[in-house]
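Report on the following structure.
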Amino acid sequence: MANGLPSLPCGLLTVDAARSLVDSVDAFLFDCDGLRFVSFPPCRVIWKGDKLIEGVPETMELLRKLGKKLVFVTNNSRKSRKQYSKKFRALGLEVTEEEIFTSSFAAAMFLKLNNFPLEKKVYVVGEDGILEELKLAGFECFGGPEDGKKSIKLEADFYFEHDKSVGAVVVGLDQYFNYYKMQSDSLSTHLFVALLASFLKGYARTCISENPGCLFIATNRDPTGHMTSAQEWPGAGTMVAAVSCSVQKEPVVVGKPSSFLMDFLLKSFNLETSRMCMVGDRLDTDILFGQNTGCKTLLVLSGCTALAELQDASNKIHPDHYTNSVHDLVGLLQ
């Protein structure tokens with residue numbers, strides 16, 4: 001037993017394991033925050049809400065002194081890299097926009113790398129983070145929070161007018177999208193999707209179904225998340241499922257655990273995945289993302305994943321190492 005944790009088939013982070021891990025990698029990829037499938041605490045690797053996890057500044061300082069590249073990867077599409085950089089600074093951490101990879105940024109980069117025509121428009125079911133990243137990438141986009149104020153009337157002779165120049169629909173978390181109805185305790189998850197699918201027979205569905213070659217892109221498929229500290233709310237995956245159901249088509253997913261984000265990261269930093277370590281608190285996104293892309297993986301138990309879940313016989317996702325929090329690296333290395 002070390003760090004107060006029992007041994008498991010995956011390696012508990014010991015002094016020797018920590019030194020070996022740090023010597024074997026050039027970059028650490030950190031999750032910041034995210035969404036959760038079941039009722040464990042919200043995702044906590046770098047911060048809890050607006051407070052840093054204890055020891056994060058010291059850990060980042062030590063790793064930078066050791067010459068390690070630090071990259072921050074999140075499925076949260078509500079914020080842009082610029083907005084995340086401001087949050088890091090507000091918490092006393094110097095992190096540049098170039099070190100931050102959000103699923104909103106991934107959506108914009110997917111379009112750019114696939115030579116999406118600049119004369120085409122992008123419709124967004126999501127929030128300002130997606131709109132901001134698309135505009136920074138040079139794309140004309142619309143939708144987002146503003147369309148949360150609009151409604152339709154399904155009358156007998158009603159025809160939904162839409163922009164024929166829309167060539168892509170990007171779907172992410174959108175709290176303005178019938179969110180009150182989705183959260184009602186009397187509704188099941190399947191009914192959430194049914195309600196959304198009905199509503200989405202507006203812009204998103206119409207563009208994907210009627211505009212030839214229109215792309216369907218999802219920032220991520222996390223079904224629920226702790227949008228507040230009191231309870232869970234439907235996540236981006238709920239919106240994605242609604243659109244997918246209504247158009248009978250699967251999206252291109254650009255966030256974790258998809259490998260697209262890693263492909264772009266590799267092009268940005270010229271790093272080898274075998275020389276990276278993904279650090280996160282979720283097995284099904286962070287650790288799976290690392291494993292899917294050939295990274296070493298370190299699970300921290302400071303957020304979503306409890307030790308009991310890691311130990312459960314039904315769990316098939318095992319990190320290379322696990323420990324209580326990122327701050328354990330400091331104590332072990334020193």
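Using N, Cα and C of the backbone, Cβ positions are placed for all residues, glycine too.
Annotated in TrEMBL:
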- Asp31: active site, nucleophile (ACT_SITE)
- Asp31, Asp33, Asp281: Mg(2+) binding site (BINDING)
- Asp33: active site, proton donor (ACT_SITE)
- Lys256: substrate binding site (BINDING)
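Asp281 (Mg(2+) binding site) and the residue listed as 'substrate binding site' are 13 Å apart (CA-CA, integer value).
The two recorded residues Asp281 (Mg(2+) binding site) and the residue listed as 'active site, nucleophile' have their Cα atoms spaced 8 Å from each other. Within 10 Å of the C-beta atom of Asp281 (Mg(2+) binding site) sit 29 other C-beta atoms, taking all shown protein chains into account.
Looking only at the recorded positions Asp31, Lys256, the densest Cβ neighbourhood within 10 Å occurs at Lys256.
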